[in-house]
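Engineer: Provided herewith is a single structure, encoded as structure tokens, for subsequent inquiry.
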């Protein structure tokens with residue numbers, strides 16, 4: 001029996017370069033089904049549902065949807081709200097009033113948990129209803145997934161940024177520290193390693209939250225590289241922690257937290273400045289710079305992986321197909337089936353919600369200050385076609401005539 | 001009479017996305033002339049000359065030169081050295097020993113001044129010699145030039161970054177402050193204005209070094225925008241100054257200076273953090289973020305204007321042609337002759353060297369907190385073909401049923 005009613009699609013958490021591909025995948029696929037009476041987009045995620053702030057996407061042109069698909073950040077805007085029971089009852093009041101029978105929420109593990117709670121409520125109140133979580137996060141930290149839409153494009157940005165920083169640092173030598181997002185997972189920071197083309201290319205050091213950050217080892221590492229090359233490029237994850245699991249950034253000052261209790265790690269240059277000062281003060285190197293990549297890495301217009309675009313579109317389409325054709329709930333997960341191909345499955349919400357995937361040990365070197373080739377093998381196909389690379393001059397040295 | 005001898009080409013100052021186009025323009029054009037015995041590239045600018053650190057670019061493949069041309073940053077590496085008389089005598093000792101008769105220096109106004117001094121020395125010592133300055137700077141602050149190679153690509157990066165930041169800020173509202181390079185000139189920061197596509201798009205405020213930065217007006221501006229839109233995106237130049245011409249960043253701490261006496265403005269998130277704190281403390285807005293674009297804006301791989309690429313190549317070619325065909329010295333300057341076309345001229349070194357061009361008054365609004373359409377008309381053709389833009393959903397709002 002076909003379940004007739006409206007679709008609501010929403011976007012939660014931090015924006016990505018391809019989150020609108022998933023939105024457009026849901027909308028275009030849902031609009032094909034006769035039992036779908038309308039396709040609504042909730043403005044500002046779950047907050048828009050309780051406020052009945054809906055766009056009627058059944059009345060959006062396909063042409064404009066395709067243009068929105070290639071626009072980064074969340075076209076329906078976002079929220080950090082995480083519904084509790086009372087919030088969920090409000091959501092249901094609205095869903096029932098509007099005869100919403102399908103709910104698609106594009107987001108990370110917090111959003112997956114929201115879908116799980118909403119779904120529980122539906123079961124309890126015997127309201128026939130399908131809810132599907134569509135994966136998205138630049139942090140790449142969703143369990144079960146080989147990788148997550150949004151990550152490949154952000155990784156491409158980080159890789160291209162470090163290729164440039166490495167060249168800049170070679171031209172005007174010194175120490176450069178680049179601070180990358182990713183919270184507790186090091187995948188995004190690890191993407192910097194793609195810049196290592198020529199033997200002396202940076203980043204020479206890569207620090208991840210998966211390994212304890214020890215100040216003395218950090219300084220010894222920097223000194224060793226600087227003594228060898230006269231320069232040092234370092235990629236550091238915003239979420240690096242000491243041996244007790246205390247984020248290094250908290251050693252600075254009281255930081256603000258979002259409504260999920262997550263620490264504010266971005267939108268400040270503090271961690272980079274702290275590390276730069278450490279190097280200056282302890283190693284006596286004069287030219288030490290730090291860049292915090294900030295919001296550019298998740299919303300920069302014009303740096304996108306075509307593999308990521310395609311997959312983000314497909315997880316949206318598959319979500320609509322699973323829910324509408326097959327009448328089942330869950331979280332869409334991406335599984336690698338070759339080098340390089342993927343398959344989409346529907347996994348149980350409780351197996352994804354609220355959990356965090358970290359870099360596996362085989363992606364990190366023994367000293368914990370760089371990545372392995374295994375990681376580069378994992379990342380390379382995700383960056384898609386047309387990944388640029390840098391070229392150096394290879395001309396021979398001219399003979400010196402003045403014997404200096 | 002043809003002046004026979006070697007060519008030396010070098011790159012000075014901060015890297016850009018297209019500085020290697022100019023290098024390759026010089027090399028390929030010079031290699032066509034029979035009187036050019038070799039084409040040398042000096043490693044690390046003038047420092048490489050005194051150390052006789054030359055690459056023999058006559059022995060570089062054309063294919064690799066073309067690959068280097070599309071690689072950002074200075075392939076010959078750079079220097080902040082600024083030669084004095086003694087330094088220049090060392091340069092001459094080397095030039096004479098190697099029979100160097102043509103010197104091309106790609107750089108900003110400091111580099112132009114270096115060429116001027118070297119040229120003076122040649123005249124004094126009756127050494128027949130041609131020296132040409134080839135313009136390059138993301139700051140766009142060379143006088144006589146309509147614009148400078150390197151600026152359009154950096155401007156494209158800044159524009160694309162602000163398009164993304166505006167979308168991000170719309171999805172998760174708050175105040176966002178983006179700090180952009182440019183030293184005493186506001187051209188690069190002003191490029192953020194290209195993100196203003198839809199009526200409420202940011203950056204809503206643009207602060208340039210050409211206008212005194214007054215803290216109370218800044219706070220009033222931010223409050224006014226935030227009250228209107230519930231969010232505010234701000235572009236700030238790293239070089240903003242107070243009414244007495246004191247850089248705002250010096251109000252923070254003792255900053256380091258480079259060998260030209262220039263203040264270190266980049267490679268730290270300090271200015272952004274200071275302004276964010278100002279807004280938080282005075283306006284009571286909770287979500288205030290700042291991003292300092294840092295080195296990404298001058299060396300990011302994969303964000304380049306094709307107009308900039310072409311012009312950077314041509315200034316290199318023209319430099320070789322002026323020197324070798326016409327036997328004259330000077331600084332290559334770019335002149336706009338239509339919408340959009342340019343012409344290259346050879347100007348006198350003393351008319352360019354050491355001088356700084358600022359944003360003309362017609363590019364800045366009366367309140368000094370944004371740019372005019374006149375500026376956008378100036379910038380748009382420089383961004384080249386394929387400049388991406390963002391698209392918003394235009395679907396109608398759905399009717400509310402619960403009367404909240």
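Glycine is no exception: its Cβ is also placed from the backbone N, Cα and C atoms.
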Engineer: Figure out which of B:66, B:238, B:362, B:374 sits with B:137, B:138, B:139, B:181, B:182, B:183, B:295, B:296, B:297, B:298 in the substrate site per TrEMBL.
Structural biologist: B:238
Engineer: What's the longest C-alpha separation between any two of B:137, B:138, B:139, B:181, B:182, B:183, B:238, B:295, B:296, B:297, B:298, the listed substrate-binding residues, in angstrom?
Structural biologist: 16
Engineer: Across all protein chains in the structure, which of the recorded positions B:136, B:298 has the highest Cβ count within 10 Å?
Structural biologist: B:136
Engineer: Sequence order is fine: just name those binding-site residues in B:109, B:182, B:238, B:296, B:298 with a Cα within 10 angstroms of residue B:14 (diphosphate binding site).
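Structural biologist: Within 10 Å of residue B:14 (diphosphate binding site): B:298.
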Engineer: Per-residue pLDDT averaged over the domain 'Phosphofructokinase' (B:6-322) comes to what?
Structural biologist: 93
Engineer: Tell me, in order along the sequence, which binding-site residues from B:109, B:182, B:238, B:296, B:298 have their CA within 10 Å of residue B:136 (site 'Important for catalytic activity').
Structural biologist: B:109
Engineer: Count the Cβ atoms, other than its own, that fall within 10 Å of the Cβ of residue B:296 (substrate binding site), considering every protein chain shown.
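Structural biologist: Excluding its own Cβ, residue B:296 (substrate binding site) sees 30 Cβ atoms within 10 Å.
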Engineer: What is the interatomic distance between the Cα atoms of residue B:296 (substrate binding site) and residue B:139 (active site, proton acceptor), given in whole Å?
Structural biologist: 14
Engineer: Of all the recorded positions given, namely B:109, B:110, B:139, which is spatially nearest to residue B:298 (substrate binding site) at the Cα level?
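Structural biologist: Smallest Cα separation from residue B:298 (substrate binding site) among B:109, B:110, B:139: B:139.
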